Amino acid sequence: MRIRPASLYRNTFFILGCGLLLYAFYCLVAYDDKSHVDVHRRQKHLYLTVSKDRLSLIGATDAVVFHAADIADGPLPDAKDRRSNQRYVFLSMETPHNSGFHAVPLNFFNWTATYLLSSDVVFKYGVYFLPAKVAEEKGFKFTVSGTVVHTKKSGILGFISNCNTSSKRELALRELSKYMNVTIGGKCASNRDNVNLCPSGQDCTSLYSDYPFYLAVENSVCKDYISEKYWERLSVPSVPIVMRRKVFESITIPPHSFIAMDDYASPKEMAADLIRLEKAYAEYFAWRNGGWTAAPWNAPGYRNGYCRLCERLWEENQEPKVIPDVWTWFKSESQCEGADFVKNWIGL
C-alpha cells in the first residue's frame, strides 16, 4: 500500500499502526500503484490505520505528528508527559513561508519531517530518480517511457493563482513575455479570456501538451523544494521551466530534462534560445528513453513520507534527540531566497 504525501486532504484525525498518531491535521488517501518491489527477506510491517481518538491514544503511540500549518497556537500536549522513547514530529511539505509560523515551545520536537533531505524523515513531493544502470545494479525493474512530440503552439504555458510571490516569479514572467509568448491561465492571467482556461476540477493535461514549455517555477525558491508544479506533469511532452538550476541538481533530477532561468543572463537571451528550441526541444526527453528511472516507492533507502516515518520508528538503538527551536532550524536549513535573483535578472 502506497501512502502518497501529495494525496492529502484537510480533516482532523489520527493515524496508528506502527504507533503513529497524527495530531489534528490531514486525512490521507492510500492506494497501491503497482510500482512496489518484491522484498525477499523478512521485514517489519509498514502500515497505518486511522483513528479519531486523539486524547486516549497520545500516551500509547511511538510518535505524534504535528502538521506545521495547522498547529494552533494552543493547546498542545505537554512535552513533560512525553515518554522517553516517544517522538514528537514536525511535519511540513511546504516552505517555511507557507507553513504558518505558529508558536510552539522550545525543545518541543524530536524529529523533523519535511522536503529537506537533511530532515530526520524526508517527506517530499515526487520520487527518487536513479540512473538506469544504478537501478539495474540494485535489482529494480523499470519501464522505458518514450515521448511522442507533436505540433504545438508557440511559447510557455502556466497556471498561476499566487500573483505576488516571495521569489517575484511574476516580474520574471512579465519581462520574459516581452520577447516570446507566455500564456498564463488562472487567477493571475493577464488576458481575461485565460482566467478560466482550465476550470476548477478539470484535467488540463492536454493543454500542457500543446505547448513546448510549461512553468514549474515555485512561489518560493528554497533548498530541496520541488512541488507538484513539476512532479504532476512529468509525463507531458513539454519541457519544465524552473528558476534556479541548483535546486533541481541537488536532488538528482535527470540532467537536460528541464530549463532554468538562471541558465541565461537575461529574459531576452532566454526567450531567444527557447524560440530556437521550439524546433528542437525533443532532446530534453532523451532521459525518458531508458537513461533514468524512478526507484520503487517501497525500496529500502528510497521510502518517503509516512512509510519512511514508520521505517524510522522500527530502527533500533536510536539516540535521544530534542530540537531546540524547530522554526530556526527549518528556516536556516531551507536557505530560501528572496527577490534578488529576479531583480538582477531583469535589470532592476
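A Cβ is built for glycine as well, from the same backbone N, Cα and C atoms used for every other residue.
Where the annotation comes from TrEMBL, it is an automatic prediction and has not been curated.
TrEMBL annotations:
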type     : residues : note
TRANSMEM : 12-31    : transmembrane segment
DOMAIN   : 56-126   : domain 'Fucosyltransferase N-terminal'
DOMAIN   : 150-329  : domain 'Fucosyltransferase C-terminal'
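Under DSSP, the residues of the domain 'Fucosyltransferase N-terminal' (56-126) split into helix, strand and coil as follows: 11 helix, 18 strand, 42 coil.
If you average pLDDT over the domain 'Fucosyltransferase N-terminal' (56-126) in this model, you get 89.
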